[in-house]
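Database features (Swiss-Prot):
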BINDING   Arg48, Arg54  NADP(+) binding site
BINDING   Arg125, Ser126, Ser127, Asn240, Ala241, Gly286, Lys301, Pro302, Thr303, Ser304, Ser305, Arg327  FMN binding site
Amino acid sequence: MAGSQIGTLFQVATFGESHGLALGGVVDGCPAGLELSEADLQGDLNRRRPGQSRFTTQRQERDEVKILSGVFEGRTTGTPIGFIIENEDQRSKDYSEIKDKFRPGHADFTYWSKYGNRDYRGGGRSSARETAIRVAAGAIAKKLLRQAEGVTVRGALTGMGPVVIEPSRWDWAEVERNHFFSPDAGSVGEFEAYLEGIRKAGNSVGAFLEVHAEGVPIGLGEPVFDRLDADLAKAVMSINAVKGVEIGAGMASGHATGVDFADEMRPGVDARHPEFVRNHAGGILGGISTGQPIVIRFAVKPTSSILVPRQSVDVHGQACEVVTKGRHDPCVGIRAVPIAEAMVAMTLADHWLRWRASKPL
């Protein structure tokens, strides 16, 4: 199976399945000399960890990461950084009833069709369990960006089903104060009431999220096929359940006029650093970062693993009914926040290394 690696200079590869012995990853290309410990990775892993509220899967995983290589005496050596997370709370028997059935809306059918087999235990490689390793790799990228350029990458859940947060109600300080990663304290009760009904019905729901990257230097991105926005969209779209991504004004651009949409400029601190009046472009023009905040919005679909009976077919092509009894998130968007931050940080770290290597004299 190809496709388990991303990046050009800052390369990340992952391995492992939902119900396997462990998950693992390798980060290759991180410069030598970066102070790094398992605690640096564990902080973001704890934000993603399951079982922290009744609104996420009740699978209990400590997600304790072990660094195996690439770090000596507290600093990166410039060699590949290998790390591993053991799986501790698999309940494969929960999936025995669907081992020959395809869950509607799941990767079961496509994996089976392409490879001639599939790991039905929790979805195997297609499970969001794999993203724990991405979060660990993203923590390395975050620290590199923060120390090298002062870049911050942070995300939030901005909507779920009919509950949508207005931008005027945003407060980044609230994001880490609630288990929804909501930037609006007033929305938490609404999210809880709505999702409780979804959970009790054995159903699931989609969500909207945003990631902002601030402090990104001007010049990241390689036209034309390695545009920064294209690579960011690819990275975010690689997350399980993501079905739509937009940069800046995104789809609303189709309703705008040139007068409305133009990000006008005025003199700044010097000729190379003008001041932008607005940021409809989301911090990227021509595939290259402008120095403004990079703003990415995306939507995740409802998880396909629900208790509501649905019609499907089995591996023999016969009609069947599917009910998924495992432990699942009623809204995968909640834990997608640190995952998306990781994918954005990894992409920015990769482009930062490329930018550093190609800066003009």
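Each residue's number is its place along the chain shown, starting with 1.
Using N, Cα and C of the backbone, Cβ positions are placed for all residues, glycine too.
Structure with Swiss-Prot features highlighted.
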{"residue": "Arg48", "record": "NADP(+) binding site", "Cβ neighbours (10 Å)": "25"}
{"residue": "Arg125", "record": "FMN binding site", "Cβ neighbours (10 Å)": "20"}
{"residue": "Ser127", "record": "FMN binding site", "Cβ neighbours (10 Å)": "20"}
{"residue": "Ala241", "record": "FMN binding site", "Cβ neighbours (10 Å)": "21"}
{"residue": "Lys301", "record": "FMN binding site", "Cβ neighbours (10 Å)": "17"}
{"residue": "Thr303", "record": "FMN binding site", "Cβ neighbours (10 Å)": "24"}
{"residue": "Ser305", "record": "FMN binding site", "Cβ neighbours (10 Å)": "24"}
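When the alpha carbons of Ser127 (FMN binding site) and Arg48 (NADP(+) binding site) are compared, the span between them is 14 angstrom.
A helical conformation is recorded for Arg125 (FMN binding site) in the three-state DSSP classification.
Here Arg48 (NADP(+) binding site) is compared against the binding-site residues Arg125, Ala241, Lys301, Ser305, and the shortest C-alpha distance is to Ala241.
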